[in-house]
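Here's a structure for you.
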Amino acid sequence: MRHDGPMHVQPGVGLQSDTSSSTGTGSGPADEPEAEKSAWGYLPPTAFRSRHSALSSIQQQTWERRWPQLGRQATAHSQPSARGHEPIDPIDARAWFGREAPVVLEIGCGSGTSTLAMAQAEPNVDVIAVEVYRRGLAQLLCAIDRADLQRINIRLIRGNGIDVLRDLIAPESLTGVRVFFPDPWPKARHHKRRLIQPSTVVLIADRLLPGGVFHAATDHPGYAEHIIAAGDAEPALARVDPGVDSLPVSVVRPTTKYEMKAHNAGSSINELIWKKQR
């Protein structure tokens, strides 16, 4: 999701319980991107700094009740895995959800409007929603409560999406990856901070099962071109037309308030979908 302010989460993550207060970040010391680059050999595409964000009393109560069951906190490792793209501590989705089902990872779920709607539409699919903002995750937990789902097929991770994808997701374990309206970082000098880079797409393709779907959406024409170039350059992926091609998970999204604002401002929405070749 597009974010309003800068934040930073170090690359390399594991899972632990979240012990942060309602105004805490739970992300540990925030290093400057250039220092991070010298340690890791690259500048993470999402070098943000986590901002403080107080929860309402209802959100705090829901967080305390629901998070231990549905949520995980991603924590920083000091060094990347020596195995390259191999995950450090892969999630056992079957154990976490309590069943065997297709798994979709949504990076940057925001307040979870699309997450919940798409999960409700496909109760046979399990969704892992990743977000750095605690308040957004708390809003999603409250929405899950209000929806009164017969079976909750959503789990939440608080952390940097690329790090979660790299360190917590096993190769060929996902049926889908969703990235809706990531920050376009429109200034040329900030393009290196864009979430979707060629290296990101390589990682996504590695984590997808054969036949799995990478679904991105943006209202920024320059970013759309950037995403298309990165997706089309990955030999394991082929762009598809959802109206023609058979897909294992839905690519029908709800229209969010942000999307309506973009539409009213005259922006076109670019739906970009690739399928991993068998």
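Just so it is clear, glycine is given a Cβ too, placed from its N, Cα and C backbone atoms.
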Given that Swiss-Prot assigns Glu131, Asn160, Asp183 to the S-adenosyl-L-methionine site, pick the one from Glu100, Glu106, Glu225 that the record assigns to that site as well.
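Matched candidate out of Glu100, Glu106, Glu225, per Swiss-Prot for S-adenosyl-L-methionine with Glu131, Asn160, Asp183: Glu106.
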Cα of Asp219 (substrate binding site) to Cα of Asp183 (S-adenosyl-L-methionine binding site): how many Å, rounded?
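It is 10 Å, counting Cα to Cα.
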Excluding near sequence neighbours, so keeping only residues 6 or more apart in the same chain, what lies with its CB under 8 A of Glu259 (substrate binding site)?
Phe181, Asp219, Ile269
